[in-house]
Protein chains: 2
Amino acid sequence: MTNTPLADLLAFQKDTEALGQVAGRLGWDQETVMPRGAAEQRAEEMAAMEQVLHARRTDPRVGDWLAACEGSEMTEADTAKLRHIRRSFDRASKLPAALSAEIARVTSVAQGQWAEARAKDDFAAFAPVLARVIELRQQEAQALSQGGDLYDALADDYEPGATAAELGAMFDEMRPRLVELRGKVLEKPAPAGLKGSFPDAEQMAFASRLALAFGYDLNRGRIDKAVHPFSSGSGNDVRITTRTNPEDPFNCFYSTIHEVGHACYEQNIDQGYLLTSLGQGVSMGVHESQSRIYENQLGRSRAFTGWIYEQMREAFGDIGVDSPEAFYAAVNRVQKDFIRTEADELQYNLHIMLRFDLERALISGDLKAADLEAAWNERFEADFGYAVPRASLGCLQDVHWSLGLFGYFPTYSLGNVYAGCLAQAMRKDLPDLDAALAKGETSSATSWLGEKVQRHGGLYEPKEVITRACGEAPSAGPLLDYIETKFSDLYGL
Amino acid sequence: MTNTPLADLLAFQKDTEALGQVAGRLGWDQETVMPRGAAEQRAEEMAAMEQVLHARRTDPRVGDWLAACEGSEMTEADTAKLRHIRRSFDRASKLPAALSAEIARVTSVAQGQWAEARAKDDFAAFAPVLARVIELRQQEAQALSQGGDLYDALADDYEPGATAAELGAMFDEMRPRLVELRGKVLEKPAPAGLKGSFPDAEQMAFASRLALAFGYDLNRGRIDKAVHPFSSGSGNDVRITTRTNPEDPFNCFYSTIHEVGHACYEQNIDQGYLLTSLGQGVSMGVHESQSRIYENQLGRSRAFTGWIYEQMREAFGDIGVDSPEAFYAAVNRVQKDFIRTEADELQYNLHIMLRFDLERALISGDLKAADLEAAWNERFEADFGYAVPRASLGCLQDVHWSLGLFGYFPTYSLGNVYAGCLAQAMRKDLPDLDAALAKGETSSATSWLGEKVQRHGGLYEPKEVITRACGEAPSAGPLLDYIETKFSDLYGL
């Protein structure tokens, strides 16, 4: 063969990407259609796939090919492809195989113990295995950081370039304004919620209509039910799941719109990047910016909820609220609650800041695993104004830490911040947006996002793609202004 | 590591088996739930998986490990495991990678051209690519056979140990008796078929009941709709598909029972063989013996159809026949037809013999691809007594040859022959079988098959597992006796 090192590397990477898609598809299968009795066998299958992928990511030829072509003249896209491959190769190569295997083993056990502890509201039963997970992730961070900040080394896997210092500064700006606003809002009476009959099958049918309204391509995707809503896959096979709750159709509808935001990002990436290292959303933060802007700035806007209101009355009859304005208030209702995943736009980021500060302290060693529950409860009361009654509503509510996902939580808020910046820029470019949304038409907005963000896939670094889309570097200001304006208006402040 | 070569080899093989299951799961996904627009991407994903599997099957370490442990003292099961690994390694190692890649490429094209030619009834449009497929498979057979019979080398992949000479002798015994019987039966008036309303959803519900009646474990499997019924996967994740035709519920019901036979074979293999080279059905012929005995000797028996008759009348009301005996005749109706997959028990094997003789001639070079249609039509008229009106009802009806599957067809008849032997032996051991079947109870039969055949997986060679189960070597006699008795009785001969 007389291929260039670049051609060899990209051909090799194409198969790695294809195998990564296969592993992702197994995950989808597991959460949607897999028979229950297949769980153990599936774990073996997944482990075998992970071994194949790990061997490819650390294949010494990748290092040789990279060394042979880095620095040469090449296209912008090829340069970006190499950047991703280099990052993945360096991360994977720095990690001792025994450590990775031990983390996989311990987090698998920890996830089971977490589920049991949560069911029994017994944090003490979870603390020892959590301590072990933290210890292993500290070791991983040491191997990766080579003297740098441990937390940054972990966060970099989810949000390349993110640092605890920068995230901390961002949260310091957000926290007082959000705490103040939530205090004022919760003094006001809560608006009424929906009442009516919302059968499962009709919720799913309505969710499909919403997905189509946001441009989700069902010829390259599908919608199934699962316990937890998620989006899975890249390119031309991007599937989403949702769930139904007969009492609360918003749970289904807004989960669907959220996952459609993730899925459309993947579906709208330039087809030329298919099965390359650019063929996926560039980071968790940018991914979340798409799901959040679909769900919140578009889906929960006064204009679009007016359209949903009419559609829901047609589909479900009497829904217990009798005006578009009352419906808009119900969609955006702020309530005292404990659970991050059910939080409204105003309170959501307070949940993240709490986790960010606690997990930084856990990784640095300033906070012991055994002391997590007390620290959580104290901080929660300070930010939310009321006490956590039990661990399942507090520090045991999320699966993330049992899986070792330290450094992941802040990407949710980063996504909100990016969505705030993008929404501000988009509204400047699209003065007639609300008139379209009021008719259920999202295409001007989704085309704008497709053009400015989604099509680029991994071409630009996270912050760069947002900066290019908005014409200025991202900051928390636009999101905070948007939240303050929206909720002051809704609650008559 | 201080593992023995045997331990290393078996550990390596476990991952290979797990990855093989993953590839199989992708195939299931493609035929059931995959979005249409994902087809091209999926082809890349499958190709990447195949490359991984091929590299593992031909990994030089496998050869070294085999050489280091073959001949040593070891358990019967480990000896059998090594036999399978050795066969796979030798086959894969003899094939030039370029030839395998070319076969994959050409058969992918050929399958498309076959579908188009079939839709247009235009054999001439398919002949050139068929000639190319044959040429490549001849080359493959030459590489594999190293001077031996070409057809045997191909058939060995589906039915280890099978030879054209032995299969030919078996068919020579079967053909005159079956041709004579079909002549007599078709002179008699055909029994009435079903009439009624058989909505899709109710067919699927009834099919699930049938699957459960035959012992299919839905905790380790699932039933979906697909264009072609199939069974997929091994061990604890064995899924089947079926299809519905509102006019013909038997199509759905007997396809389901057939696939349940395949699936139960896989589900009932000793759990100790999971993800080893013994953890799958040992050959296509033995597999087909299980699907056929479930479908025919059990499912189409007078006793069991009596039970189905009552169940169908409860589920569907008036079904157009009004006695168990008329229902039994409808289930086993013999008609003039052209399509193998819709053939009754009497005519099915005639379809196979025709294909067996033609494909042997194609591989030996005695028959040119361009002359296939004429040869098919001539032979069909000789065996069936009437002419083929168009190629889609003749030599273009099956996908197999476009895929290069030469040597596969005879395993269907071999399965029938094995089923005939097993049924005879089973009835000797279970004198009360019909009384149980008449109540819809199959467990004595399925337990007998589980114990005698299914649990062994790949432990014994195909012929050996049948011989052990029956107490004598397999032969066509029991099947022919069964068919002659059954249809003489049904048609009053």
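All residue numbers here begin at 1 and follow the chain in the order shown.
Just so it is clear, glycine is given a Cβ too, placed from its N, Cα and C backbone atoms.
Over in TrEMBL, the protein carries these features:
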type: ACT_SITE; residues: B:Glu259; note: active site, proton donor/acceptor
type: BINDING; residues: B:His258, B:His262, B:Glu288; note: Zn(2+) binding site
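Location within the structure of each feature annotated in TrEMBL.
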residue: B:His258; record: Zn(2+) binding site; Cβ contacts under 8 Å, 6 or more apart: B:Pro229, B:Ser291, B:Arg292, B:Tyr294, B:Glu295
residue: B:Glu259; record: active site, proton donor/acceptor; Cβ contacts under 8 Å, 6 or more apart: B:Pro229, B:Phe230, B:Ser231, B:Ile240, B:Thr241, B:Thr242, B:Ser291
residue: B:His262; record: Zn(2+) binding site; Cβ contacts under 8 Å, 6 or more apart: B:Ser231, B:Ile240, B:Gly281, B:His287, B:Gln290, B:Ser291
residue: B:Glu288; record: Zn(2+) binding site; Cβ contacts under 8 Å, 6 or more apart: B:Thr411, B:Tyr412, B:Leu414, B:Gly415, B:Asn416, B:Tyr418, B:Ala419
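Each of B:Ser231, B:Glu259, B:Gly261, B:His287, B:Gln290, B:Ser291, B:Arg292, B:Tyr294, B:Glu295, B:Gly415 belongs to the same chain as B:His258, B:His262, B:Glu288, is absent from that list, and has a C-beta within 8 angstroms of the C-beta centroid marking the Zn(2+) site.
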